[in-house]
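Participant: Sharing a structure here in structure tokens format.
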Amino acid sequence: MGALRWLSIAATASTALALNPEGLISAPRRSEAIPNPSGDVAVFSQSQYSFKTHKTTSQWNVLDLKSGDIKLLTNDSDVSEIVWLGSDDSTVLYVNGTNADIPGGVELWVSDISDFANGYKAASLPASFSGFKVVTTDSGDVRYVAYAESWANGTAYNEELVAKPLSSARIYDSIYVRHWDYYLTTRFNAVFSGTLKKSEGKGKATYKADGDLKNLVSPVKNAESPYPPFGGASDYDLSPDGKWVAFKSKAHDIPRANYTTAYIFLVPHDGSKTAVPINGPDSPGTPEGVKGDAGSPVFSPDSKKIAYWQMADESYEADHRTLYVYTVGSEETIPSLAADWDRSLDSVKWADDDNLIIGVEDAGRSRLFSIPADAGDDYKPKNFTDGGVVSAYYQLPDSTYLVTSTAIWTSWNVYIASPEKGVIKTLATANKIDPELKGLGPEIVDEFYYEGNWTKIQAFVIYPENFDKSKSYPLLYYIHGGPQSSWLDSWSTRWNPKVFADQGYVVVAPNPTGSSGFGDALQDAIQNQWGGYPYEDLVKGWEYVNENFDFIDTDNGVAAGASYGGFMINWIQGSDLGRKFKALVSHDGTFVADAKVSTEELWFMQHEFNGTFWDNRENYRRWDPSAPERILKFSTPMLIIHSDLDYRLPVSEGLSLFNILQERGVPSRFLNFPDENHWVQNKENSLVWHQQVLGWLNKYSGVEESNEDAVSLDDTVIPVVDYNP
């Protein structure tokens with residue numbers, strides 16, 4: 001049996017303010033804190049949406065790394081990126097998102113943070129470039145890389161300069177046809193390189209563009225970097241000496257929709273040679289049997305090595321991520337590090353030429369670990385951070401790290417840590433700064449473990465405003481997507497458990513079979529078990545809550561989930577557990593087994609169900625929420641959300657479910673966004689999403705009556721289409 005890990009403040013009343021949807025969506029959103037070379041200050045961006053003006057404002061701030069004080073650097077909304085330039089503690093290169101000469105282009109400006117408004121233009125770029133990485137060479141010149149969309153001929157794509165075609169037709173001879181939320185074209189993402197020439201003069205040196213941009217990706221047919229939809233600047237790196245660029249691309253020589261295989265390419269910064277993969281099928285150092293996805297290439301400080309991660313399985317997107325270190329120019333087999341460790345890394349950086357720092361998901365958190373660059377496969381890395389989820393980390397001159405993280409109780413937390421001392425000092429945290437998050441703290445979260453179907457399962461517990469253990473609160477059962485994913489101790493603007501809890505629930509968020517960060521065995525066991533082991537874990541979790549927590553009212557409980565969590569809600573609707581809930585919410589869940597073939601990343605379904613749709617159809621139908629015998633059990637009121645741009649799980653899945661619920665006479669509602677994908681990101685749409693989801697749950701759980709401030713379905717001003725007689 002598990003035990004709830006009580007925190008000292010959790011059982012007492014607090015003066016915390018309820019976190020409501022408007023506060024969540026309109027609270028400031030901040031980027032990682034990027035330190036200057038001396039480690040005195042760091043810069044970060046901040047954006048904030050207003051429901052009064054219906055606009056987003058943005059700014060850049062400076063964080064003092066000694067005092068924690070924050071001051072405004074600029075509120076110019078056209079400044080989209082800032083990077084420190086050279087070893088100077090105050091000179092920065094920034095991206096101006098507009099271009100005075102080229103519509104749709106951007107400009108590079110150089111400025112001093114002590115007089116930011118009086119910088120100068122160093123370069124005019126012909127398209128919308130982003131993800132800048134910069135090094136200063138021995139000559140003083142600046143070399144950089146960035147990415148943009150590219151035409152097939154290698155020139156950068158500029159949407160504002162393109163003539164609209166006369167026909168809207170699209171023609172395909174291979175897959176993908178569409179991916180995530182867009183239809184493929186002949187364009188692709190590419191990494192470009194450029195140089196800023198240093199000129200000495202009176203006062204500070206100045207920099208100006210030198211030569212043309214070089215497309216480093218287009219010479220390799222079918223290569224693309226960063227790889228959409230989630231690729232970004234972590235997909236490539238520039239060596240500290242400015243001579244080399246490493247980038248990730250999906251394998252260019254096999255069907256991209258059927259395999260996860262990716263290569264790390266190496267190319268001179270000047271593009272004088274065509275990029276070659278260091279881990280491709282013909283590369284001399286490729287480890288035997290390693291054919292899966294790869295990523296996060298990063299050069300060592302001496303530019304002689306590249307660290308990266310790679311999976312072995314070419315059809316499993318959540319396979320174990322093993323760390324590798326390649327020596328530039330070597331033909332020896334690329335060695336793996338800590339390959340036997342039962343955790344997958346998310347990110348990697350070099351501490352020095354002999355040691356690395358890796359970010360790793362671990363037991364509901366994302367932590368930092370240190371590891372020697374020559375570690376054997378049996379090495380167990382050492383953790384030096386604890387709670388929350390690390391989103392960025394930068395080494396300071398004293399070998400400590402400036403860490404940016406989030407937690408369930410804060411959207412932004414900046415602190416200093418080191419492998420030797422752990423967390424040393426907290427500099428800033430959003431719940432102490434933002435009125436919208438006032439009163440939030442680690443006391444709002446607990447966790448417990450319970451016996452699942454075959455192993456112990458972890459679950460988070462999130463308490464409502466002014467929680468009182470002597471009272472009773474309806475259960476909100478939270479089911480995550482993936483399925484190889486997990487609920488983390490992290491902030492979310494889409495599925496924030498505290499917003500749900502503050503309506504008047506105790507949120508329980510289990511990490512059942514299939515969840516990541518608890519070892520490969522738990523994660524991998526979901527294969528061909530979508531409605532099996534995880535469902536049984538959830539049943540046992542509900543039973544454990546029902547038997548052990550008097551302050552949780554399971555009689556009036558509700559459940560919600562998205563993506564795989566949406567599938568599970570659909571599965572629960574036709575299962576005995578479905579009768580334990582007063583209402584259900586299914587967001588973008590798969591419903592009809594035979595419709596799985598309409599997804600885009602075919603490797604996913606083929607791995608999850610042990611074969612293709614035509615060779616092993618029974619496995620696809622084994623866990624079919626739309627099976628007739630399951631439909632006959634549907635009775636719990638259900639809200640279905642599905643959007644038109646969701647090409648991962650097409651909108652027809654949600655419509656099919658809604659049709660059946662309506663014909664069966666089950667209270668149901670369909671919420672659709674024509675301009676959203678698998679996620680709801682537009683701020684106004686997000687508000688409607690929260691109003692409808694919370695309003696639906698509150699209506700059937702009784703929270704609407706017990707909490708006068710609870711969200712109601714009537715809060716949404718969008719008219720409801722209803723042709724019932």
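All positions are counted from 1 along the displayed chain.
Every residue gets a Cβ built from N, Cα and C, even glycine.
The signal peptide feature in Swiss-Prot is assigned to 1-18; the stated evidence is sequence analysis. The annotation N-linked glycosylation site is assigned in Swiss-Prot to Asn75, Asn96, Asn153, Asn258, Asn383, Asn453, Asn610 on the grounds of sequence analysis. What Swiss-Prot lists as active site, charge relay system is Ser563, Asp646, His678.
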Participant: I need the nearest neighbour of Ser563 (active site, charge relay system) among the recorded positions Asn383, Asn610, His678, using C-alpha distances.
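Facilitator: Going through Asn383, Asn610, His678 one by one, the closest to Ser563 (active site, charge relay system) is His678.
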Participant: By the count of other Cβ atoms within 10 Å, pick out the sparsest of the glycosylation sites Asn75, Asn96, Asn153.
Facilitator: Asn153
Participant: Measuring Cα to Cα, how many Å separate Asn153 (N-linked glycosylation site) from His678 (active site, charge relay system)?
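Facilitator: Counting only the Cα atoms, the answer is 32 Å.
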Participant: Return the residues near Asp646 (active site, charge relay system), defined as same-chain residues 6+ apart in sequence whose C-beta is under 8 angstroms from its C-beta, sorted by sequence, else 'none'.
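Facilitator: Same-chain residues close to Asp646 (active site, charge relay system) (Cβ under 8 Å, separated by 6 or more) are Asp181, Asp588, Glu676, Asn677, His678.
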Participant: Give me the CA-CA distance between Asn610 (N-linked glycosylation site) and Asn258 (N-linked glycosylation site), in Å, as a whole number.
Facilitator: 13
Participant: For His678 (active site, charge relay system), which DSSP three-state class applies?
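Facilitator: DSSP assigns His678 (active site, charge relay system) to coil.
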Participant: If you count other CB atoms within 10 A of each CB, which of Asn258, Asn383, Ser563 wins among these recorded positions?
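Facilitator: Top count of Cβ atoms within 10 Å goes to Ser563.
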Participant: Of all the glycosylation sites here, Asn453, Asn610, which one's CB has the most other CB atoms within 10 A?
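Facilitator: The residue with the most neighbouring Cβ atoms within 10 Å is Asn453.
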Participant: Tell me, by DSSP, whether Asn383 (N-linked glycosylation site) is helix, strand or coil?
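Facilitator: In three-state terms, Asn383 (N-linked glycosylation site) counts as strand.
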Participant: On a C-alpha basis, identify the one among Asn75, Asn383, Asn453 that is nearest to Asn258 (N-linked glycosylation site); the candidates are the glycosylation sites.
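Facilitator: Going through Asn75, Asn383, Asn453 one by one, the closest to Asn258 (N-linked glycosylation site) is Asn453.
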Participant: Would you count the other C-beta atoms found within 10 angstroms of the C-beta of His678 (active site, charge relay system) for me?
Facilitator: 20
Participant: Could you state the CA-to-CA distance between Asn453 (N-linked glycosylation site) and Asn383 (N-linked glycosylation site) to the nearest Å?
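Facilitator: Cα-Cα, rounded: 30 Å.
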